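Pulled from Swiss-Prot, these are the features on record:
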- 27-61: region 'Disordered' (REGION)
- 39-50: compositional bias 'Low complexity' (COMPBIAS)
- Ser120: phosphoserine (MOD_RES)
- Ser123: phosphoserine (MOD_RES)
- 199-364: domain 'Helicase ATP-binding' (DOMAIN)
- Asp212, Glu213, Met214, Gly215, Leu216, Gly217, Lys218, Thr219: ATP binding site (BINDING)
- 315-318: motif 'DEAH box' (MOTIF)
- 494-645: domain 'Helicase C-terminal' (DOMAIN)
- 819-840: region 'Disordered' (REGION)
- 820-829: compositional bias 'Basic and acidic residues' (COMPBIAS)
- 847-899: domain 'SANT 1' (DOMAIN)
- 950-1014: domain 'SANT 2' (DOMAIN)
- 1003-1037: coiled coil (COILED)
- 1025-1046: region 'Disordered' (REGION)
Amino acid sequence: MEPDTATEAATVAVSDARATVVVVEDEQPGPSTFKEEGAAAAATEGTTATEKGEKKEKITSPFQLKLAAKASKSEKEMDPEYEEKMVNMPLKADRAKRFEFLLKQTELFAHFIQPSAQKSPTSPLNMKLARPRVKKDDKQSLISVGDYRHRRTEQEEDEELLSESRKTSNVCVRFEVSPSYVKGGPLRDYQIRGLNWLISLYENGVNGILADEMGLGKTLQTIALLGYLKHYRNIPGPHMVLVPKSTLHNWMNEFKRWVPSLRVICFVGDKDVRAAFIRDEMMPGEWDVCVTSYEMVIKEKSVFKKFHWRYLVIDEAHRIKNEKSKLSEIVREFKSTNRLLLTGTPLQNNLHELWALLNFLLPDVFNSADDFDSWFDTKNCLGDQKLVERLHAVLKPFLLRRIKTDVEKSLPPKKEIKIYLGLSKMQREWYTKILMKDIDVLNSSGKMDKMRLLNILMQLRKCCNHPYLFDGAEPGPPYTTDEHIVGNSGKMVALDKLLARIKEQGSRVLIFSQMTRLLDILEDYCMWRGYEYSRLDGQTPHEEREEAIDAFNAPNSSKFIFMLSTRAGGLGINLASADVVILYDSDWNPQVDLQAMDRAHRIGQKKPVRVFRLITDNTVEERIVERAEIKLRLDSIVIQQGRLIDQQSNKLAKEEMLQMIRHGATHVFACKESELTDEDIVTILERGEKKTAEMNERMQKMGESSLRNFRMDLEQSLYKFEGEDYREKQKLGTVEWIEPPKRERKANYAVDAYFREALRVSEPKIPKAPRPPKQPNVQDFQFFPPRLFELLEKEILYYRKTIGYKVPRNPEIPNPAIAQREEQKKIDGAEPLTPQETEEKDKLLTQGFTNWTKRDFNQFIKANEKYGRDDIDNIAREVEGKSPEEVMEYSAVFWERCNELQDIEKIMAQIERGEARIQRRISIKKALDAKIARYKAPFHQLRIQYGTSKGKNYTEEEDRFLICMLHKMGFDRENVYEELRQCVRNAPQFRFDWFIKSRTAMEFQRRCNTLISLIEKENMEIEERERAEKKKRATKTPMVKFSAFS
């Protein structure tokens, strides 16, 4: 049996002078109320609380309920619903206590607590600020004990007094210093206040949202709360902590560091690992806290639904803001006594998303979304100060938010510098191409497709980051890693200079980008420069994430750079060992960038944190950053007052996107050269610091109304007068026009060339030299005897002499005058063919392959490429209309006299490429045969030596199936990968493996090529070992034994 709760609290208070046990009666608990009493007074009050609370504990303790159920067996038999009633008694008591607490906070909760059947959604604009009227029969369940402002009848007052006299006092433990069970170090003052706030919520049966700014220790405060439940309330668990996959390792480490007395398990792994873990770890129940990820909860919801969780904690609570999402529906099905949401971003959701969070926390209070939406209408709420106060009053009991500047005075400062950079020549060319492709959109004034505008924005942002993000932009193949990676991007030029300076200063860097393909480029850059780095993005497996974070945070780590994707690496990861953050590109949502900065600027940081944001000047990026700054400033004004941002203000309008795209377009069109300069990094930083200060000063001066009315196109505001936009009227007649760049022409100062261009008269070509009219047309691929070509040439020269042909000068060849004289000399000295030569010519004309046409020759060359020069049978089948004997005869002459052909180099290169492919196929087939031959049952036994090249997506079972089926079907078959794709889809073991079933034939080909390379490498290693062993055995001298005969 569990010890009595109040007794436990008093006992701990006596033994631990750190805690103060306070009897709270009709007092509003909260983080701002603290009693300064000593341990002795705490023990005395705790004892008193124990005596007062005995009756209540005897009624509400589930263990005592079980004893009562055993003692009154006959009563249980008489009433079949007796047990259910007894179990629900403490839940009803908690609900009543919760309602009482909420009504003491503000009378507005009476509107939500009254039965929904007796009320309909009513706008608050039409209601008085008072308790809603209800039927007399319902008053018993709705009267708030803490509400003394309204007149009562005598009978009601008597009933209230009787009810008060029967109530017991609440026992609430509040800490003034760090609790003794927290072992990793003392809690800070504001963390102790946060812990007390969480305890007060628990004691009053209310769930809440801990929304401290990122880096203030929400994890630690939550762990301390669970430790309080175990050590002061004797409630060790079970508790569930639901976190993003990237933070699992961090949560486990924090539990071990701060409250090692809590027994914590981490639920993660593949299907087989999970099944064993459930059987061996979870079901025995030898644990207090289960830490798991969203994905695990969705996959194993049936297991988690078997437990009644004492506390259900969800980190990064914005994941359940949509009540219709799969995760949100599943966690609502879990049975839990208390719930806690953690989020590092303020409540900037629309009203319905806010209701979804509150409905998860208190479903019995916030059970109607329509009622909530009508009670706090967004438009009226933003305009009516009274309704703003009401909303603030509703959120106050559930929400605790502190920011670093208010509570953490010892944290080093954070300074952000925006570095403005120009475009390189290649970037400017691609930027112009993108704009020119959609110039009709830029110059349109009618309807625009929003998705098309978003796509243009995305392409322009890629160009600002690095032109190599576009296929075909990088020079190659072969692809090289050298200076061009830096020189073709303005941001990379600045980053290269900045990293060199940071390295000299002994600092370490976090680089964030939204584009994982850009991280690939940065990886190549780091390898080229010799910088040691770690990488984390959305595709990084959980184990590799842990290894990368641990390696970077290790003492005296040699890792200089940690590159992360903004979305995957911006949540819940502690990288305070770095003190420089570089935002390579900016997110649409400024809160995401703040989360990224807080990976370094958090508790534990010893150095001032410098944040460098790279921005390409006179491009769409400049407008994106400006819009984010305005949004962040507006949020800071509104949200910190407990208000909500208007949903429409967060949406990016089509007109706003169009103005972003248009911004800087004229500037880009006007200039074609690179804007990059040779400035040193100090000058660049000074200029960026100055521009950042100017922007911050401008934002500080702008009030809420100015920020709301701010538009990207400043000129447009000139056309607004008395609430009417005269620019829109003007657009009906005219359209804002961006002039595309003019077509460039090279200057040409040759007068003749100028007039030829003006009159469009092309320069006359040199006429072909005449040939005898009846001379036969012979081709080099027909392989006539060489003597025939000599006789034909002699005949041609004499014909030209007889017609008086003069050789023209050809300016395209070197030394045209000399060549002209020599050719004319041959013509002038030409002689006719003698009768013997004429007879010889006719005879030689029969000795070539006269029946072979150009088409036959091309078929012969392609067949040699396809089958190799030795496979005459297949080559003969490819040449249409020729017998195998004819092809064999031609092939023999071809390979003997191929050097006589004009394009022999090109032809031989074509054939040799084909033969190389044939040899490659043969070697692959041998490698597969050797690999398969090592196993009796390769479909089950085959193992692949991955080394460090294991992919992130394919499992070993999938790879084994691909290799075995490829060998079975024949590697060199036509359309083999399409057939392999069908086999995968029909395989029963993959019927639920949607990843591999959704791969294309091309993706299977790429994967098989990777696996074949690994197999070939493995075969080579085996062959080398065998050769070494043979050589070792051969070099051993045989031992000769001599025997003596007597």
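For all residues, glycine too, the Cβ spot is worked out from N, Cα and C.
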> If you run the three-state DSSP split on Lys218 (ATP binding site), which class comes out?
Replying inline: helix
> What same-chain residues lie close to the compositional bias 'Basic and acidic residues' (820-829): Cβ under 8 Å, and 6 or more beyond its ends?
Replying inline: 797, 800-801, 805-810
>> At a 10 Å cut-off from the C-beta of Asp212 (ATP binding site), count the other C-beta atoms across all protein chains.
In response: 22
>> What residues elsewhere in the chain lie close to the region 'Disordered' (819-840), defined as a C-beta under 8 angstroms and at least 6 residues from its ends?
In response: 787, 791, 794-795, 797-798, 800-801, 805-810, 813
> Which of Met214, Leu216 has the fewest nearby Cβ atoms, counting only those within 10 Å, among these binding-site residues?
Replying inline: Met214
> What are the DSSP helix, strand and coil residue counts for the domain 'SANT 2' (950-1014)?
Replying inline: 46 helix, 0 strand, 19 coil
> What count of other C-beta atoms do you get within 10 angstroms of the C-beta of Lys218 (ATP binding site), across all chains shown?
Replying inline: 23
> Do you know the mean pLDDT across the domain 'SANT 1' (847-899)?
Replying inline: 86
>> Counting only residues 6+ away in sequence within the same chain, which have a CB under 8 Å from the CB of Thr219 (ATP binding site)?
In response: Asn250, Trp251, Glu254, Asp315, Leu342
